Structures are given as structure tokens and as C-alpha cells.
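What Swiss-Prot says about this protein:
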- C68-C293: disulfide bond (DISULFID)
- C80-C92: disulfide bond (DISULFID)
- C113-C155: disulfide bond (DISULFID)
- C297-C321: disulfide bond (DISULFID)
- C489-C493: disulfide bond (DISULFID)
- N24: N-linked glycosylation site (CARBOHYD)
- N38: N-linked glycosylation site (CARBOHYD)
- N54: N-linked glycosylation site (CARBOHYD)
- N79: N-linked glycosylation site (CARBOHYD)
- N142: N-linked glycosylation site (CARBOHYD)
- N181: N-linked glycosylation site (CARBOHYD)
- N301: N-linked glycosylation site (CARBOHYD)
- N499: N-linked glycosylation site (CARBOHYD)
- C555: S-palmitoyl cysteine (LIPID)
- C562: S-palmitoyl cysteine (LIPID)
- C565: S-palmitoyl cysteine (LIPID)
- 1-16: signal peptide (SIGNAL)
- 17-530: topological domain 'Extracellular' (TOPO_DOM)
- 552-566: topological domain 'Cytoplasmic' (TOPO_DOM)
- 531-551: transmembrane segment (TRANSMEM)
Amino acid sequence: MKTIIALSYIFCLAFAQDLPGNDNSTATLCLGHHAVPNGTLVKTITNDQIEVTNATELVQSSSTGKICDNPHRILDGINCTLIDALLGDPHCDGFQNEKWDLFVERSKAFSNCYPYDVPDYASLRSLVASSGTLEFINEGFNWTGVTQNGGSSACKRGPDNGFFSRLNWLYKSGSTYPVQNVTMPNNDNSDKLYIWGVHHPNTDKEQTDLYVQASGKVTVSTKRSQQTIIPNVGSRPWVRGLSSRVSIYWTIVKPGDILVINSNGNLIAPRGYFKMRTGKSSIMRSDAPIGTCSSECITPNGSIPNDKPFQNVNKITYGACPKYVKQNTLKLATGMRNVPEKQTRGIFGAIAGFIENGWEGMIDGWYGFRHQNSEGTGQAADLKSTQTAIDQINGKLNRVIEKTNEKFHQIEKEFSEVEGRIQDLEKYVEDTKIDLWSYNAELLVALENQHTIDLTDSEMNKLFEKTRRQLRENAEDMGNGCFKIYHKCDNACIGSIRNGTYDHDVYRDEALNNRFQIKGVELKSGYKDWILWISFAISCFLLCVVLLGFIMWACQKGNIRCNICI
């Protein structure tokens, strides 16, 4: 009895070899695209989150933590502000005649000379910073009847009382202070920057002790401008043991113009002029250390790479820098739509095309073919369609960078207290610009991502249509990205389809003949193999049960006798 059941099972297996799908006279060819187990989510115009095989981050969100000393010339202010270095504070003498691309002011900087103020501090600081030099030329001003080179215990230069090295403090000689009237023409071809000041004594006694007159006056003129300053005598908060002050002013003399200085007291006179240069130099407040490295873009947080189009490290930048945006991340799709491969393809390992899912492990191309024929299964990439897609995507990042990177610096903007409304307006304008750029950046990236996904989908469809045109009536579109080929197609035949040399006329008669031999009922469901095999297995099982029942009935009736020998 067991022998009969075993023979029945062997018969079923033998019969199974003739089921559809195991016919050596047909083959299956599927087209598909690359996929990865875990893709990257990006935003497009039509979808906030769509998964792609690869994406590049466009927002630089961190700095190196140090300011690179190359290719820009960095001048570290250390303990000196730019204005202190300009005036010649004793502890800033090392900055005389220095040059820079970027002057870095530190929070620890301090003044260590006569207390002063600059009524237009921000403008002077910006003017000198953009000039990029502290180159100073001494001139021989003719001050008559007065004592020069005044000093103070608040401004020690070594053990001696001193003063700002670029300024000349004039006071009475004996008991007189004659009116000073000095001219200095500009016969050069460049602008000259003159720094001068007015002394405001603490008391009337200090005023007359230094300048004789109870009230002094200083007038500085050129052909284009005139400034008249009257000292304000009075007590002020004590700084470094002094209650008096010096106010610093500045005048630019154009080529061919002339500087005229008139004063009857309280004049802090210039010793010469600073050369004015035009350029892209600037100043930045930062406590980041100076490091030996190379970076085109500098922020107060430190240098950052400029290989991305956007950054959210700091609004203040110097050099060729990414555009500042509010977003922490913006991802640019550099791969195709990702549809991870299903882990199981049925109990007989059926293959599927791009309409169902992508293919993982296809590392030699983005698009390719899988086949199943009498020689087994195989896979190969289609390099031409892959290269077409890559060529169009390559350079996308560089084009975005070219559109957005600033080839100039975004300097700090400062205003005096009386210009508070202007400062508020400027801040509003800057914030609006940032909001606008942030929106534009998100829109630009979404458009590029949409284009990339549409492009890669289009290349897949082009390859599928190219294959369909080759096969014509020799194959049937299975609806899942695969073709059922109705003739024997070995590996060489599959290769000819891939490389475009397939001749459908050679196989036409065989394919048509096989088409007409289709069994009576052909299931179109994607689960037809499952249903066929389950139905066949049940049929075999029932056949065995019936046969076993017949044998047992015959034995019971005596029609069949079973002898068991030991």
C-alpha cells in the first residue's frame, strides 16, 4: 500500500514538470531599477515626503570652530579694538601699518589710554575696516606758540605719561594759546583720512589751566565739508582716574582738496593721515581661535565649507559663502524614487519588474534586466539609460551653488542710539530678506527634486518602451514590468534584447505557435502560480486518498489479498 502511495506521489511530481512556467519553450524578462533598503526622504512640489535612493544635504549647519588663516589674510585684534589700533593706544602699538582682509575683534578687547568717544563710531570703524590697512604717513603740521605732545597718567607708555601715538595733544605754552590756523593740501592721487579730536575738560579751572581761554573752539574744513566743535566742560563718569573726555572726529580729503584746521584751544591735532584703499576688507566680532587651515567662508562661529548652497550657522559672513537660511536641513535628490524590494517573491522565486518594486543589490547601474529561462536566472545593468540619467543629475548641485553663493561679505551693521529707528528698519529688512531666501531655497530644492524624480521615472519608461518595440508580438506585457517571451530564449537571446540587436523575425513563427498552445484557462492574477500549485497539490492528495480507500475496500471484500512475510 505504501508503495502505491509513493508511486502516486512520484507521478504527481513528474506531471508537475509540464505546468506552465516550467516550460523550456518560454522565458521571462523583467525590467527594473535600483533600490536600497532604507532610502532618504525629500520634499517635492507635489509631495512633502517621498523616498529616494540617494540625496545630498544642502544646508551647512556647523562650523570648524576656528577661523582659517588661508586664503584670507586674518588680523587678530587680540586685546585691541580696531579704533584703538587706529588711534595708537599704547598697548596696540604692534598694529601700526598692519594690513588685513578680515580684522577679528575679540570680546576681551579693551582701551588703555585717555577716555574717549567717537560720535560716529560705527561709520569710522566700517570705513577703516573696508580700507584694510592702518598704513600711516606723518606730515609736518606747523603748530606755533603752543606746547605739543601732551600726555596723561591714564595712558602710560612704559613708565612715562603718554597719549595716542597718532594724535598730538596741544596745550598752552607759558600763559598763551594763540589761534592755530593750519592748512594741508592733498597732492596725492588717493584719499587721505585725517583723525583729530576735541578735549572736554572736567572743570573750568582745567580748561583755563590747559588752554587759557574759558571756551575753546575747533573748526576743520575742506572744500566739501566743515565741522565746528565747541568743547563741553563738565564732569563725567570716572574712567581710569579721569572725568574729562576726548571726542574723536575724522575728515576725508580728496585728491586736489585741502585740509584747513582752525582752533583757539582744546584741539587734539592729527600727526598725519591714513592711506585709504578700496577693496573687500572687513571686520568681524568673534572669539573663535585662528587656525592653520583653508576656507573661503568665515563666520563668527568659525570657518565653514562653501561646498553647499545654504548655511544656517550665522547671518554674519565674510568671503564666498553659502546663503543664510532658516532651515536646518534641505535635501536635494540625487537618486531615483526608492521602492524597496519585497523580501519574498513566492515559493518558487518568481521575478518581478519595476511596477511592483525596485531591485536591491544592483550596484553596477540604476536600470537593468532580470531574466528567467531554460538556463536559469540572471541580472545585468543597462549602462546607457543609467548614464543618461546620471549625466542630467550631475552638476545639479553645482548649479544650485552658483545660483546662491554670495561672492561678497555680509558685514555687521551698527547704528548709534540716535539712529535707533533706522536700525529697527534695517533689522526688519534683513529679517524679511532671510525669510524670502528661506522660502526661495525650499521652493528651488522642491522643484529640482521633482525634476529628478520625473527624469528617472522617464528613463525607466523609455527603456521599457524600447524593449517592447523590440519584442513586438513575440512577447506579452505581464503588467508588472515584465515580458513573457513565447519562444525559447537562451542567455545569448536575452543579451541581444538588452543590447538592442534582437531580431524578432527570427523567433516570430515559434512565438506565434506557442501562443496558440495556451491551456484552456489562464489566470491573470499575480497569484496564479500559487493557485495552480495549491490546486494541483490538493488534486494529488485527493487522488491518493481515493486510491487508498479503494484498496482498503477491496481488501475488506476479499477482492485483494495482502500477504505480509517476515
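Each Cβ is built from the backbone N, Cα and C atoms, and glycine gets one as well.
It should be emphasised that the depicted structure is a prediction, and the values quoted were computed from it without experimental measurement.
On the structure: features taken from Swiss-Prot.
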residue: N38; record: N-linked glycosylation site; Cβ contacts under 8 Å, 6 or more apart: P340
residue: N54; record: N-linked glycosylation site; Cβ contacts under 8 Å, 6 or more apart: V36, G39, T40, A333, T334, G335
residue: C68; record: disulfide bond; Cβ contacts under 8 Å, 6 or more apart: I74, G291, T292, C293, S294, S295, I298, S303
residue: C80; record: disulfide bond; Cβ contacts under 8 Å, 6 or more apart: D89, H91, C92, F95, A109
residue: C155; record: disulfide bond; Cβ contacts under 8 Å, 6 or more apart: D89, P90, N112, C113, Y114, N161, G162, F163, F164
residue: N181; record: N-linked glycosylation site; Cβ contacts under 8 Å, 6 or more apart: V260, I261, N262
residue: C489; record: disulfide bond; Cβ contacts under 8 Å, 6 or more apart: T26, A27, L29, H371, N373, I497, Y507
residue: N499; record: N-linked glycosylation site; Cβ contacts under 8 Å, 6 or more apart: none
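Note on C493 (disulfide bond): other Cβ atoms within 10 Å of its Cβ, all shown chains, come to 20.
The most densely surrounded of the recorded positions C297, C321, C555, judged by C-beta neighbours within 10 angstroms, is C321. Cα distances from C555 (S-palmitoyl cysteine) to the recorded positions N142, C297, N301, C321, C493 are smallest for C493. Proximity of N142 (N-linked glycosylation site) to non-local residues of its own chain (separation of 6 or more, Cβ distance below 8 Å) is seen for V182, given in sequence order. Ranking the disulfide-bonded residues C92, C113, C293 by the number of CB atoms within 10 A of their own CB puts C92 at the top. Computed over the topological domain 'Cytoplasmic' (552-566), the whole-number mean pLDDT of the model equals 65. Taking CA atoms as the reference points, N79 (N-linked glycosylation site) and C297 (disulfide bond) are 24 Å apart. Fewest other C-beta atoms within 10 angstroms, among the glycosylation sites N79, N301, are seen around N79.
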